Each structure stands twice: as structure tokens, then as C-alpha cells.
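Student: These came from TrEMBL, pasted as-is:
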DOMAIN    113-338  domain 'Anoctamin dimerisation'
DOMAIN    341-724  domain 'Anoctamin transmembrane'
TRANSMEM  352-378  transmembrane segment
TRANSMEM  428-447  transmembrane segment
TRANSMEM  504-530  transmembrane segment
TRANSMEM  550-571  transmembrane segment
TRANSMEM  599-620  transmembrane segment
Amino acid sequence: TGFSTALSQTPSISSISSEGREDLQVNWLETQIWIKPDIQKTDVDFSEILNAIQEIAKDVNIFFDELEGVNSPSKDDDSLLHHGNLTSTSDDASRLEVVGEEVPDKNKTSGLYFRDGKCRIDYILVYRKSNPQTEKREVFERNIRAEGLQMEKESSLTNSDIIFVKLHAPWEVLGKYAELMNVRMPFRRKIYYLHRRYKFMNRIEKQISRFRGWLPRKPMKLDKETLPDLEENDCYTAPFSQQRIHHFIIHNKDTFFNNATRSRIVHHILQRVKYEEGKNKIGLNRLLSNGSYEAAFPLHEGSYRSKNSIKTHGAENHRHLLYECWASWGVWYKYQPLDLVRRYFGEKIGLYFAWLGWYTGMLFPAAFIGLFVFLYGVTTLNHCQVSKEVCQATDIIMCPICDKYCPFMRLSDSCIYAKVTHLFDNGATVFFAVFMAVWATVFLEFWKRRRAVIAYDWDLIDWEEEEEEIRPQFEAKYSKKERMNPISGKPEPYQAFADKCSRLIVSASGIFFMICVVIAAVFGIVIYRVVTVSTFAAFKWALIRNNSQVATTGTAVCINFCIIMLLNVLYEKVALFLTNLEQPRTESEWENSFTLKMFLFQFVNLNSSTFYIAFFLGRFTGHPGAYLRLINRWRLEECHPSGCLIDLCMQMGIIMVLKQTWNNFMELGYPLIQNWWTRRKLRQEYGTQRKTSFPQWEKDYNLQPMNAYGLFDEYLEMSMALSF
């Protein structure tokens with residue numbers, strides 16, 4: 001009876017339309033559900049009947065897939081484009097409207113969803129209609145739809161030539177790639193066991209808690225009432241698996257993967273989609289570099305400001321909560337809400353700010369000891385025997401420091417420099433050097449402990465090993481050469497040993513050449529110092545003429561700083577080219593190789609001049625009548641009579657101050673100026689009311705883009721400051 005009912009209610013293949021597909025599948029599933037219990041109750045063999053039903057279902061599904069392929073747009077044409085409004089031509093939106101499910105109006109107007117109000121925007125691509133790279137973009141977007149991502153286009157409200165491509169990853173796509181990427185998701189709540197306590201101990205704890213209640217609250221801790229309860233911190237996590245999906249804690253499929261994870265999965269897909277035939281014609285980064293797309297970014301969760309107070313009305317979104325509890329100037333002295341940072345930006349950025357906060361906190365004792373050493377030098381300045389002898393040596397005549405224009409000088413003329421030297425080089429400096437050596441070791445070891453605690457709380461133990469993925473560039477390059485992985489037992493691309501060695505040799509040669517360029521630049525600075533001493537000694541201004549050696553050192557340091565910044569820009573491109581030439585297998589290998597090159601060059605580039613002043617300046621000058629000369633022409637530079645520490649302090653001080661000033665301006669000042677200028681232009685053209693009604697993708701597009709290397713420059717800057 002069930003079989004005949006299914007056949008009678010199933011229309012012919014030629015008469016099936018796209019609108020009737022859902023009803024037919026639901027009807028088929030309902031029929032199949034109540035057939036099987038009857039089969040189990042009877043003794044009749046219905047295996048042939050079930051096989052026939054399954055064949056019918058396969059034919060119906062095949063026809064539906066072909067029908068979708070005909071109806072779906074094969075080109076990236078204007079059928080998906082809507083001018084200035086949130087309209088959609090996707091079939092999912094029409095189905096939702098037919099079903100009649102109520103969608104909150106807030107979702108439709110927030111700019112974070114498609115027109116249906118349910119498909120959340122996970123990624124944004126931006127291009128111009130006037131861009132000639134149309135064919136590549138069409139193929140790329142066609143392959144994006146083939147991967148299962150949903151797409152909707154929107155023209156810009158400020159420029160009709162700019163098109164926004166909104167991408168949404170359905171649950172099936174998220175589950176598939178979360179399993180491939182080994183994304184860890186919560187699957188079981190943590191159970192905390194409390195030790196049994198006696199009544200006497202409980203009374204003591206109550207008395208202590210009462211006493212603490214009389215004391216003022218800790219000002220550095222955040223108010224717990226404004227922080228939400230983070231459920232993922234109270235759960236164990238495991239790599240996501242669709243076969244074991246019933247083990248994971250899923251209250252709502254739309255919110256099971258947070259926004260950071262959804263954007264990460266979509267970014268993973270976009271990096272592996274082809275846009276043209278060829279080995280290396282793959283990935284979003286290449287389309288951004290050749291100008292096919294202008295920008296690609298995930299959306300923020302709305303505005304970070306609100307008219308209402310967060311304490312009375314709560315946070316509007318996670319971005320607003322982060323701003324009030326973390327990024328606002330008013331909470332600069334409070335501890336960082338690392339759990340909120342991790343939830344919004346992901347684990348990597350959360351770990352960076354955890355390390356930055358730890359590093360900043362550990363600098364306090366070092367700064368205190370350094371200030372103590374400096375104050376000790378100030379208090380003992382009048383009791384320093386060396387500076388006294390230098391200041392009282394009015395009868396000792398010193399030889400000129402250069403061959404021309406440099407006069408004879410008295411040793412007492414270096415009195416001021418001798419006193420300044422004592423401020424930084426006194427008896428307490430030895431203690432400070434020993435303290436800093438111990439501090440560096442303690443800082444590293446205690447950070448390992450802190451990192452282990454964070455890794456346990458966030459369930460990141462062995463995270464890097466599980467996250468290991470083959471780079472799409474490596475996979476495209478060596479796709480024809482495969483071998484069996486001895487661990488996983490699956491075939492994977494393979495790079496021959498000879499090919500790898502040849503690439504490493506070329507890369508090492510490039511690194512050695514760039515280091516030689518740095519050494520040549522230092523040699524040029526040395527020649528400048530030797531030549532300009534006599535020039536400043538013959539200067540018209542008495543202030544510069546009497547302090548020719550200090551003027552030479554100061555100008556040489558400024559020129560050296562400019563050379564350092566120029567070489568950094570040049571070597572960043574060289575290091576990127578050499579790292580891509582090596583073809584690392586995984587993302588972690590690429591990052592390690594790029595980090596090694598950049599750190600090695602930055603260390604040599606930043607510290608080479610400092611090493612010259614500290615260990616070589618004034619060591620090979622000769623003596624009167626037999627001075628050593630450079631190229632038998634220029635006399636080598638000597639230290640000041642009070643020592644070379646003044647030159648060393650000027651070298652380190654000027655470079656550190658200028659470098660930190662420049663970095664802070666580029667990281668903080670320049671984006672603020674650019675964003676202010678953009679807001680000013682929009683306010684002048686469209687007014688304040690119209691500007692506030694812009695969708696979220698328009699607002700985020702006008703923000704300054706993040707560094708292409710992510711947090712690499714931040715880590716590199718902190719490492720260089722630590723090495724100094």
C-alpha cells in the first residue's frame with residue numbers, strides 16, 4: 001500500500017517544476033518513513049520494492065540537479081545586481097518568503113544579512129564595473145557558487161561603479177569545511193570538582209570575604225556585569241566531525257559557528273578557488289594583486305558606538321562591547337578582556353594581545369630599575385672621580401680629531417660629556433646589566449607558563465598540528481607529483497628533494513646578498529662620518545664648530561635611520577619573493593621561512609651601526625704620527641675624549657625614538673587621519689543623516705585595510721624593541 005501510494009503521488013519526470021521539488025521530497029520522505037515499520041512487521045521480502053523506490057529517488061534528484069544547473073546563472077552578469085537597495089534573486093529568499101517565516105526587521109536593515117534577513121553576510125568582495133578583468137572574475141564567482149556559497153550583489157550608494165559581492169556560507173558548507181580544516185568546536189561542558197571543606201574553614205572564608213567587601217574594588221579589573229557569560233570557555237572542544245555531530249553542543253545552527261570562524265572558513269574557500277586555467281591561477285590573493293577585486297574583508301558586527309550606556313542598556317553587539325571594555329581610552333588601565341578579543345577576532349589575535357599585555361606588564365620592573373640606575377647617576381654625579389679629573393685637567397692638551405680645520409683642545413673641554421656619560425655609565429649599571437639578563441630569562445619562562453594556561457583555557461593544546469594545511473599554491477604547483485602520506489595514508493602533492501634544495505640555495509644567496517648590502521650601507525655611513533668631521537669643524541656657526549663631533553654623529557644617525565627604513569621596504573619585497581620561490585608546503589612553513597628572513601635582515605639592518613660604534617669605533621685609529629687611514633686618504637674616526645658612550649646613546653636613542661614615532665604614526669595616526677578625511681567627504685556630499693543610514697559593507701569599505709601580513713609586523717616590531 002505504501003509503495004503504490006508513493007508511485008501514485010509521484011509525478012512524471014517531465015512534469016516536475018522547481019516549485020514542486022520541496023513538496024515532492026517531503027512527500028517521499030514521509031512515505032519512506034511509514035513504509036519501513038510495515039516491512040519490519042511482515043515476513044514478506046520487500047528488498048526489490050525498496051530498490052525500485054531508491055532508483056526513483058535517484059532519478060528525481062539527478063533531474064533536480066540538472067534543472068538547477070540550467071536555472072542558475074552561469075555568468076557573473078547583472079542579474080544578481082541591485083542598485084541601491086537590498087534585493088535578492090536567490091531561490092532561498094523566495095522560498096523563505098513563500099513559507100511565510102517572520103524575519104526581524106532589524107536583520108534586514110542592519111546591513112549584516114541578505115534581503116531574506118536570515119542569510120548572514122560572511123564575506124565581502126569589492127570590484128569596479130569598469131575593471132577590464134571581467135572574465136577572470138566571472139570564472140571565479142562561478143566556481144564560488146559551485147563550492148556552495150550563496151552570493152548577492154549590491155551597487156554602492158556613493159559610487160555606482162563600485163559593486164559589492166556579498167557571500168554567505170550555508171550550514172552544509174560550514175560543516176564540510178570545518179571538518180576539513182579541523183576546526184575545534186565545543187562538545188561537552190567542563191565539570192569542576194570542589195574540595196570538601198570543613199565548617200570551620202567556611203566560616204573563616206566568610207569573614208575574609210566580609211573584610212574584602214569593606215575594601216575598595218580592584219580598579220584594574222573589569223566590571224563582570226558588563227561581560228557576557230562565554231559558553232565556549234566552559235566547554236571542552238574537539239575537531240568538528242559531521243559523523244559525530246550529535247556529540248557537539250548545537251543550540252542553533254546559525255550561531256554554532258561564530259562570526260570569526262565563519263569568515264575564516266569562507267576565506268579558506270576563496271583561497272582555493274580557481275579563476276583561470278593554469279597551475280598558479282588560483283586564490284583570492286592573486287585577484288587582489290592583479291586588480292580584479294579592489295578589496296575583500298569580513299564585516300564588523302555593527303557600530304562600535306551607541307547612544308545608550310552599556311551598563312543600563314547592555315551592549316548593542318560584540319564590537320560595541322569590545323570598544324567599551326577594551327579599546328576605549330577610559331579603560332587603558334584595566335586588564336584586557338582576552339576572551340572577548342578571542343571570540344571576535346579569533347585565537348591568533350587573542351594570543352597576540354595576551355602576549356602584548358604580558359610583555360607590557362613585565363616591562364614595569366625593568367623600567368623601575370632603569371630609572372633607579374639613572375637617579376643613582378644623578379645623585380653621585382659630583383662624587384665621580386673620572387668626571388672630576390676630566391673637568392680639572394685644564395693643562396692637558398689633546399691632539400686634533402681631524403687633519404684639517406680641527407684645532408687643538410683641552411681635556412677639560414669634555415667636562416660636560418664626561419658628566420653625561422656618568423649618568424648612564426656608573427657603578428649601578430653593572431647591576432642593571434645583570435638584572436636585564438635575569439629579566440629576559442624570567443620573562444620568557446613565565447610567558448611559557450602564561451601561554452600554557454591560556455592554551456588550556458581556550459583548548460588550544462596541539463592546535464598547530466591539527467590546523468596544518470597544504471598551501472593552495474603548493475598544491476597547484478605539484479599536483480601532478482603525488483605520494484602516499486605515511487601518517488594519514490592519503491595521497492598528497494610531493495616536492496622533489498633536488499627541486500627543494502635548488503630553491504633553498506637561491507633563497508640563501510638572496511639573503512646573503514641583502515646582508516652584504518646592509519654592510520655596504522654601514523661602510524658608507526663610516527665614510528660619511530670621517531669626511532664630515534672636518535666640514536663641521538670649519539662651519540660658520542660657533543655652536544656647530546665647537547661640537548663638530550656631536551653634529552657628525554647626529555647627522556650620521558639620521559641618515560642611517562633613513563637608509564634603514566628604505567632597506568626595510570626593499571627587503572620586505574625581496575623576502576616575500578624568496579619565500580614564494582621556496583614553495584613551502586604548509587602555511588606554518590611559509591610563515592616560519594618568511595619570519596626567519598625578515599628577522600635576520602631587520603636584526604642586521606637595525607643593529608649593524610650600533611655594533612660598529614660599540615665595538616669598532618676608536619679601536620683602530622693608530623697614534624699621532626702614524627694614524628690609520630681609510631683608502632690611504634681619510635683618517636679613521638676617534639671617540640670623544642670622554643669615551644664612545646655618548647655616540648652609542650645618540651645612535652640608540654635617535655633610532656628608537658624616530659622608529660617608534662614613525663611606527664605609531666603609521667599604525668595609529670595615519671588611519672585616524674584617513675578615516676576622518678573619508679567621513680568628512682561623505683558628510684559634505686550626503687549629510688550626517690544619510691551617512692548613518694549606509695549599510696555596514698559601505699562603512700567597512702571606507703575603513704583602512706589591515707596589513708597584508710596580519711600581525712607579523714607587530715611581532716617583529718616588539719621583537720626588535722626587545723633586542724635593543
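Even glycines carry a Cβ here, placed using N, Cα and C.
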Student: Excluding the flanking five residues on each side, which residues at least 6 beyond the ends of the transmembrane segment (599-620) place their CB within less than 8 Å of a CB in that stretch?
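Tutor: Same-chain residues near the transmembrane segment (599-620) but 6 or more away: 511, 514-515, 518-519, 522, 525-526, 557, 560, 564, 567-568, 571, 575, 628, 636-639, 644, 647-648, 651-652, 655, 716, 719-720, 723-724.
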Student: Sequence-remote contacts (6 or more beyond its ends) of the transmembrane segment (550-571), Cβ cut-off under 8 Å?
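Tutor: Here the qualifying positions are 514, 517-518, 521-522, 525, 528-529, 532-533, 536, 539, 544, 598, 601-602, 605-606, 609, 637, 646-647, 650-651, 654-655, 658-659, 662.
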Student: What average pLDDT does the predicted model assign to the domain 'Anoctamin dimerisation' (113-338)?
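Tutor: Result for the domain 'Anoctamin dimerisation' (113-338): average pLDDT 81.
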